[in-house]
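To keep things clear, I will list the structure first and then write my remarks on it.
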Amino acid sequence: GWQASMKSGNLSYILPCNRLPVQLMSQVRVYTSNGQKKDLGSEDANKKMQTPDETLHKAGTGRQDTSSTGQKQSFLKEPIQVKVKAVLKKRDYGPKYTQNNFITGVRAINEFCLKSSDLDQLRKIKRRSPHDDTETFTVYLRSDVEAKSLEVWGSPEALARERKRRKEAEIKYRENLFRNQRLLREYREFFGNTKPRSSAAAMFFKGPGKVVMVAICINGLNFFFKLLAWVYTGSASMFSEAIHSLADTCNQALLALGISQSARTPDPSHPYGFTNMRYIASLISGVGIFMMGAGLSWYHGIIGLLHPHPIESLLWAYCILAGSLVSEGATLLVAINEIRRSARAKGLSFYQYVVQSRDPSTNVVLLEDAAAVLSVAVAATCMGLTSLTGNPYYDSVGSLGVGTLLGTVSAFLIYTNTEALLGRSIQPEQLQRLTELLESDPVVRAIHDVKATDMGMSKVRFKAEVDFDGRVVTRSYLEKQDIEQLLQEIQQVKTLEELEAFMLKHGENIIDTLGAEVDRLEKDLKQRNPDVRHVDLEIL
């Protein structure tokens, strides 16, 4: 539809529509519908103005098909309509803007040194609650609270002095509280504690706590009797067994401490709780086995090889080893049954449950008791060879074998607990189920950067960046509105100010609807996957 002609080096275009012809030359002229022109950047401002007919004639030079003069006049008399885009003026909020911030009543009282009666005079705003136990809660505009605090205290300097005074009073209160708690403990120790058994103490009567307590009692008795047998016989293998039982007793006492500490409730310094205390205790236990158990056994075995000495009667040693085999075997069975029950509840095999260190305390007891049973067999075999041949080197070799066995167990415990403390990911199958659950929701368009970390003791933290479908979110908001009333509000909008107020009102409500959708998704993830305790969905 475009037609072009070339004349004396000037390119001219003719538009085949009801628009004015524009000639691209060294001078730029803008013609209005009444035949007048405006020169933009003209070299000669006093040059004689051309008529529209002349301009049209110049533009149409070289064309064989020309239009009639009447058509030209009607063509030129048609008015030009220019649409101007109305743009809302951008506001400059500056580097710090807190006028629209909301704060809770507790923050207003603590940070601005107000009383609850002072807040009664301020505007109260109902907002969606971030907590699961409440749907809405009351907040205040930060600007109103700041103005009220200046009204109460007179100046920012007076407010700062009051904050400093309250901070010093809080520090003194904490010191007195610590002192009173210590006095209360001393009082209970002197007069007896009649308080019901706490939940932390009840943990040692079931599950992993019960396994650890049984192991502590049995290994303590084994250490005592093995120590007597070593004093009586002087056997290096018996000494290694006594050290092994002592290491097991100390390590399991450390596990009991980790179990009790893991039951503590979260505080501001540790918002995700103290669950990892079990892994920390198990890690220290593995290091203790390596240094105390394996190290002393190797040392005593090497000393026996370098300086052999005859061994006394081994009858009592055999009897104590037999008793130790029975007691360690009983503890091993208790640990195996507990792990089987827990693995069945998680849908895992026995081997997967142990390797993944799902329950570090029970794992330590299992491996220590398994090593104890094997080390008893090694010690008894080497002591038997020594008694048959009279060669004390067999007994020293048995001590080295027990040390090697303990070193292997400690290395496995150190590796598995370190992996758990580093924050490893959950199983791919479980991660896929969580992802599919989110993607199947109509409000979700796509999911990116998915991370699911095993926090230990069947607690999972899930994080993902979610691309929400704005149309579905908006429809969810509209389904809760009166459409007739909304239509009337739209029809009443006549000015830009009214349009801005309308959009700001409903835009904020749509953002609240988006937040409600995020809360719903997080709640669904936790309900369908009890292991998921913390969910962080970031809006993309």
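Here the Cβ of each residue, glycine as well, is placed from N, Cα and C on the backbone.
What TrEMBL says about a protein is an automatic prediction, not a curated fact.
Here's what TrEMBL has on this protein:
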| type | residues | note |
| --- | --- | --- |
| COMPBIAS | 36-57 | compositional bias 'Basic and acidic residues' |
| COMPBIAS | 63-74 | compositional bias 'Polar residues' |
| DOMAIN | 212-422 | domain 'Cation efflux protein transmembrane' |
| REGION | 35-75 | region 'Disordered' |
| TRANSMEM | 211-232 | transmembrane segment |
| TRANSMEM | 279-303 | transmembrane segment |
| TRANSMEM | 315-336 | transmembrane segment |
| TRANSMEM | 370-390 | transmembrane segment |
| TRANSMEM | 396-415 | transmembrane segment |
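Touching of the transmembrane segment (211-232) and the transmembrane segment (396-415) is ruled out by the presence of fewer than three CB pairs under 8 A, sequence neighbours closer than 6 excluded. Sequence-distant contacts of the transmembrane segment (279-303) (same chain, at least 6 residues past either end, Cβ-Cβ under 8 Å): 236, 239-240, 243-244, 246-248, 250-252, 254-255, 257-259, 261, 357, 360-361, 363-364, 368, 396-400, 402-404, 406-407, 409-414, 417-418, 420-421, 456. Long-range contacts of the transmembrane segment (370-390) within the same chain, counting only residues at least 6 positions beyond its ends with a Cβ under 8 Å from a Cβ of the stretch, are 219, 222, 235, 237-238, 240-241, 244-245, 248, 310-311, 314, 317-318, 321, 324-325, 328-329, 332, 397-399, 401-402, 405-406, 408-409. Sequence-distant contacts of the transmembrane segment (315-336), counting only residues of its own chain at least 6 positions beyond either end whose CB sits under 8 Å from a CB of the stretch, comprise 210-211, 214-215, 218-219, 221-222, 225-226, 228-229, 232-233, 235, 238, 241, 245, 362, 365-366, 369-370, 372-373, 376-377, 379-380, 383.
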